[in-house]
Amino acid sequence: MFPSFSLRYARLPARLRVDCLPTPVTEPRLVAFNRELAEELGFDVEAFDAERAAEVFAGNAVPEGAEPLAMAYAGHQFGNFVPQLGDGRALLLGEVVDRRGRLRDLQLKGSGRTPFSRGGDGRAPLGPVLREYLVSEAMHAMGIPTTRALAAVTTGERVFRRIPEPGAVLTRVAASHLRVGTFQYFAARRDTEAVQLLADEAIDRHYPDLPGELAEVEAGERYLALLEAVVGRQAELVARWMGIGFIHGVMNTDNTSISGETIDYGPCAFMDAYDPRTVFSSIDERGRYAYLNQPVIAQWNLARFAETLLPLIDDDSDRAIARATSVIEAFTERFDSCWQAVLRAKLGLATREEGDGALAQDLLDAMQAGKADFTLAFRRLADALDGPEGEARLAALFDGHEALAAWLPRWRERLAREDVDEAEIARRLRGTNPAVIPRNHRVEQALAAAAEEDDFAPFEALLAVITRPFEEPAGEVDYTRPPHDSEKVLRTFCGT
Ligand code: AMP
Ligand code: MG
């Protein structure tokens, strides 16, 4: 059933990892399987046998050709450096080449203890596994770079967090699991050779268009170019997150992917009413990872990445610092230009004008003042172009209509210079601004039904609509609706 493994990471020097087998569980049961993704990865889906799949995705059987390993990494957690983290409850099975020729990591998360587990049990509760499944698949459907979810199994065992919960294992697919923290682990040990190997691996896998192997004197350029490329991807990624109201929640350097994918969905959540200060995570007491802080934090994380590359950039450390600093400083501009592009698209603009940024900001300000739902306000811009009834549906989202009423004619005037008719703009808007996102209250309801009542129907129904985010969902349950007061999720728990 499995495609053959490439074992790239397993063939890198031994000190980058610890070989380790998953710990079998008592009663593996497959509760979610991503058939479409499996096909993309080259699985023989026809030969699919749910029982065998449950065994493999639970870690009870290691697929043929896999050599499971725990990756070593360090990381800054909420600003504090931890020199050794590593995969404490995850194992890389190996890499497969997908149908488009891309190398993809297959990882089990929740598969038991490893030498990096510290005090942890190596396990994952069902709730967080299903949350990662739902949110990562929704992100993918919205076109945002992310790890994917291939399968979820329950283990038949309980894990103990705030309360006992059913245990589960997620099979995650990533462009790679190289993190800023992976580089930090070796940089902290002054193992420049390992840092260079990782940098070469990152270039090979994620940035193959960078200048190739160059003469020694120019090698610094290559690693500076890597830094610049990662800066570019992270700037774009965070701008894309913000465009859908996504808050990662734990933007530690060990959760910052070198490939530019969203990784490690913990207490992540989507904003309902627009407020740039929104924080959900229960462990983010000071709001370090609040919605609006995300670009600043991404830049901070990239500065930590830059530090690891300094010895590769220039033998002269002052020169290396000066060169890396200018790349890190350029993040601000990169981010701003990505963010402006995201906002223009959200307003239906394909051309660029001086005043576009202010136009977008004024709408955001009106949304904040009027406590408007972020997702619906953008979605209903298209309705407003359909006529007065649509405009009323948009206005209904705002407490107090003056700011919006003043804004709409300015927007219309700007749209008139787009050279396409309003029907075309409405079409664009509906392809950019999602109708459905995995709203926190719906996610919590689906997780609770699965964990408390072994009822996966709400999870499946939610998954079906959020993987078609630009379609108006039909059916009894209104997945587009913001939470009622009693349904509001104010805090998300890490629940690792
Ligand atoms: P995370 O919060 O999932 O990004 O994890 C941060 C670090 O803690 C990583 O090194 C994880 O492997 C480790 N970790 C998280 N939960 C557990 C657990 N239940 N058992 C062992 N290690 C864990
Ligand atoms: Mg993590």
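Glycine is treated like the rest: Cβ placed from N, Cα and C.
Annotation note: Arg89 (ATP binding site) sits in a coil segment as assigned by DSSP. Taken from TrEMBL, the feature ATP binding site applies to Gly86, Gly88, Arg89, Lys109, Asp121, Gly122, Arg172, Arg179, Asp264.
Contacts of Asp254 (active site, proton acceptor) defined by a Cβ separation under 8 A and a same-chain sequence distance of 6+ are given as Tyr73, Ala74, Gly75, His76, Gln77, Leu85, Arg179, Val180, Gly181, Asp264, in order along the sequence. Among the features that TrEMBL reports, active site, proton acceptor is placed at Asp254.
There are 24 other Cβ atoms within 10 Å of the Cβ belonging to Asp264 (ATP binding site). Taken residue by residue with DSSP, Asp264 (ATP binding site) is part of neither helix nor strand, so it is coil. Taken from TrEMBL, the feature Mg(2+) binding site covers Asn255, Asp264.
On its own chain, Asp121 (ATP binding site) has Arg89, Arg113, Val159, Phe160 as residues at least 6 apart in sequence with a Cβ closer than 8 Å to its own Cβ. Cα spacing between Asn255 (Mg(2+) binding site) and Gly86 (ATP binding site): 11 Å, rounded to the nearest whole number. For ligand 2, the recorded positions lying close by, meaning a CB under 6 A from one of its atoms, are Asp254, Asn255, Asp264; the full candidate list was Gly86, Arg89, Asp254, Asn255, Asp264. Sequence-distant neighbours of Arg172 (ATP binding site): residues of the same chain at least 6 apart with a C-beta under 8 Å from its C-beta are Ala90, Asp105, Leu106, Gln107, Leu108, Lys109, Glu132, Ser136, Thr147, Arg148, Ala149, Leu150. Reduced to three states, the DSSP call for Asp254 (active site, proton acceptor) is helix. Secondary structure at Asp121 (ATP binding site), taken from DSSP and collapsed to helix, strand or coil, is coil.
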